[in-house]
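Per TrEMBL, ATP binding site is recorded for GLY348, PRO349, ASN350, THR351, GLY352, GLY353, LYS354, THR355. Residues or ranges marked as coiled coil by TrEMBL: 529-606. Taken from TrEMBL, the feature domain 'Smr' covers 718-789.
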Amino acid sequence: MLQNNKERSLTEQALRLLEFERIRQLLQARTRTEPGRILAGQLAPLGDRRQALQALAEVGEARRLLAEAGEAPLAGVADLRPLLARVQAEDAWLEAEALLRVAEAVAAAGECRSWFRQETAPGLAAHAAALEPLRGLLGALRESIGSRGEVLDSASFELAEIRGRIRELRDVIRQRLERMLHDEQLAPAFQEKLITLRGERYVLPVRADRRGLVRGFVHDESGSGQTLYVEPAAILEANNELVHLLRAEQREVLRILRRLSSAVRRATTELQRNQELLALLDLRLAAGRLSSDMDGCAPRFSEQPEIALKQARHPLLLFDAAGKPASGRAVAVDLELDARTRVLVISGPNTGGKTVALKSFGLLQLMLAAGLHIPCHPDSRTWLFGRVLADIGDEQSIAEGLSTFSAHLLRLRQILEQAGEDVLVLLDEIGTGTDPAEGSALAMALLDHLRRQEARVVATTHLHLVKAFAQLEPDMSNAAVAFDPADFRPTYRLNYGIPGASGALSIAAGLGFPPAVLERARGYLEPGEQAGKELLEELNRQLQTARAKAAEAEELLRRARQERDKRTRLLHQLEQQRQELLDRARREAKKLVRQAERRLQEIVDAAEGGLSTPQRAERAAQIRQLEEALQPAAAPSRRKRLHRPRVGDRVRHRLFGQEGEVLRVDGDEIDLLVGGKRLRCRLADLEPATAGRPPKERVRVQSRVTADRLPERLVLVGQRVDDALPKVEKFLDEALLQGCRQVEIVHGSGEGILRRAVRDLLAGHRAVTAFHAADVSRGGDNVTVVELES
């Protein structure tokens with residue numbers, strides 16, 4: 001137990017040193033319920049990696065839900081724990097306002113059960129599904145308690161009856177008093193025409209010098225004594241009955257409150273569980289809002305101890321003192337601690353950002369362990385350490401008689417006792433506060449010991465020996481706070497692999513120190529130290545220049561890759577479009593072939609009945625010629641283009657073999673003059689008149705096949721509109737080619753849908769001059785007679 005207390009003490013110390021309390025405050029400001037606010041104030045690392053990962057996933061769900069669905073029905077839920085504690089005694093009861101808060105919490109639980117959905121937020125939906133709706137309790141509370149915390153008449157039949165009698169009796173009393181106030185004989189007695197109450201009894205204000213005009217009982221008088229509050233004798237009995245009813249009302253209200261409180265007492269376990277779940281849901285939603293405000297994310301988690309957080313920012317620098325997002329205060333920095341490095345030593349000038357970087361390492365780990373997103377690039381990765389221990393800042397304990405250095409040593413001893421392989425140790429300004437030689441020796445020994453304990457360590461220092469030690473050891477590394485080589489101002493970024501110079505003299509020069517003092521200071525430096533300082537500064541300058549060029553090259557490479565990917569996508573899209581066009585052309589060609597074959601077969605079937613055997617043989621040869629003419633359409637060439645005629649050109653119809661003159665071109669629709677008749681055709685069915693076989697032979701074949709064999713009636717009875725209309729168009733085309741002047745279309749009556757569709761088509765057909773219903777003897781309105789142009 002003592003060890004557990006020590007561990008808890010060091011963990012709480014790390015939370016305090018890394019300012020985790022401010023993270024709690026940012027989270028509390030984003031909650032919507034009192035239980036959620038309390039839970040946010042208690043937030044701490046979960047201590048279990050699986051729980052932390054689950055919490056991070058749920059925060060991601062919450063952020064998406066808030067962006068897509070808005071706010072959850074949680075606002076206004078109160079902390080029920082004090083109320084539930086009060087009602088546990090058998091004879092205890094809650095007032096109506098307290099019961100209203102219970103009803104609001106139960107209602108929120110029911111609404112949240114349906115608001116969080118499994119398909120969009122499985123983790124949060126699992127918590128919401130565990131909420132108890134408590135419909136019976138909610139119904140009883142809603143029926144009895146109003147929205148302002150009052151007991152409603154509907155709470156019981158007796159209460160409704162009592163209140164009804166109270167209202168009636170008050171009306172009677174007021175009417176009697178009103179008559180007295182307006183009685184001319186009594187008028188001089190009244191100070192003002194006012195009805196008021198004294199101790200639940202109705203009274204009138206009477207002038208003291210006119211007391212004798214109003215018989216009754218004096219209940220009170222004004223401060224001056226000039227006004228008496230008199231209960232007239234005429235309403236004495238009514239007032240007595242009113243007081244009796246008010247007592248009865250109080251007894252009934254108390255009985256109702258006891259009944260409802262008993263129901264709440266029986267549901268205490270469910271209500272407590274609901275409160276915990278509502279607080280957790282509110283906490284996750286608050287974490288989602290915080291993640292959105294700081295553009296946070298959950299990085300990928302490594303299988304080995306390492307940290308690689310790209311463009312990480314210290315979260316507390318992203319908000320102002322009021323907790324509102326503030327831009328421009330935080331500088332993105334890459335925080336790196338690879339799996340081979342056990343100790344990272346950060347060095348460089350004061351005010352350069354060493355401590356901010358050190359705290360960022362620790363605070364971001366604590367946030368992840370507590371289930372919160374962190375502000376970094378999504379392509380980051382990290383190991384989730386089990387514990388974070390820290391010695392940061394100066395804490396002098398006057399009460400215990402400890403100096404600043406002694407307080408550091410005490411914390412360092414505790415850290416040494418508890419460090420291990422799953423622990424991240426943060427040490428600020430290690431080895432300072434004493435003689436530099438002894439401080440360096442102690443710092444190197446501490447780092448070596450922590451390394452042997454397999455802990456991961458990030459430390460800051462100004463001591464040259466410590467920097468050199470980290471540079472020489474195989475599993476240690478240096479990082480320098482970067483500065484602008486032009487003016488030596490810090491950039492608050494880290495350069496890994498080299499130590500940094502403290503730059504005390506440069507900072508002093510920037511702050512306006514006298515040149516003579518600075519020159520004398522440089523003279524006191526040992527030659528080797530001055531040379532080493534200049535070397536570090538030169539290394540930093542070269543590194544900054546190299547990294548700037550590398551960043552420029554990386555940007556050029558990124559743009560080149562973007563351009564390459566863009567062109568690849570464009571080529572892929574073009575290929576897809578080309579393939580789609582080809583597929584569409586093939587489908588259209590096959591459709592045309594099938595239509596032509598069906599039309600040809602129908603013509604042949606209509607003609608074969610009247611042909612002799614030699615004629616049938618001749619007809620078969622002609623059909624083969626037509627089929628040969630159709631073959632190119634079945635597999636259109638990718639490069640072949642349709643012949644697009646102009647008005648006045650002579651063209652030939654592929655299917656019928658007839659030539660005609662182009663009258664009008666409307667996209668893919670062509671109007672032809674064939675044999676003195678106007679015929680609308682598809683562009684795909686036409687070819688130049690000079691192509692293929694002589695048109696005269698084609699005309700002869702077509703006329704033989706269909707001559708005088710076209711029925712004068714087209715029967716469509718029982719067919720659907722979509723199937724019937726193409727047959728009507730085909731029937732009219734063939735009738736025109738054969739020179740028919742009048743045809744009939746039998747569509748039947750039914751609901752009249754097919755009749756109207758056929759006549760609508762006829763009304764817009766160029767070759768139809770008129771149409772009308774047939775005579776009754778020919779079918780009446782079931783048949784439409786069509787007149788065609790000559």
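Quick reminder: no glycine exception, Cβ is built from N, Cα and C everywhere.
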Task: Neighbouring C-beta atoms (10 Å sphere around the C-beta of GLY353 (ATP binding site)) - done: 23
Task: Within the predicted model, mean pLDDT of the coiled coil (529-606) - done: 75
Task: Neighbourhood of LYS354 (ATP binding site), C-beta criterion under 8 angstroms, separation at least six - done: ILE346, SER347, GLY348, THR460, VAL481
TODO: With DSSP as the reference, give the number of residues of the domain 'Smr' (718-789) in helix, strand and coil.
DONE: 35 helix, 17 strand, 20 coil
Task: CB-centroid shell, 8 A cutoff, ATP site GLY348, PRO349, ASN350, THR351, GLY352, GLY353, LYS354, THR355, site residues removed - done: VAL481, PRO490
Task: Candidate with sparsest Cβ neighbourhood (10 Å radius) among GLY348, PRO349, the listed binding-site residues - done: PRO349
- [ ] State the count of C-beta atoms found within 10 angstroms of the C-beta of THR351 (ATP binding site), not counting that atom itself.
- [x] 14
Task: Cβ contacts of THR355 (ATP binding site) (under 8 Å, same chain, 6 or more positions away) - done: ILE392, ASP428, THR460
- [ ] Would you mind checking how many other C-beta atoms are within 10 angstroms of the C-beta on GLY352 (ATP binding site)?
- [x] 26
Task: Same chain, 6+ residues apart, C-beta under 8 Å of the C-beta of ASN350 (ATP binding site), given in sequence order - done: SER502, ALA504, ILE507
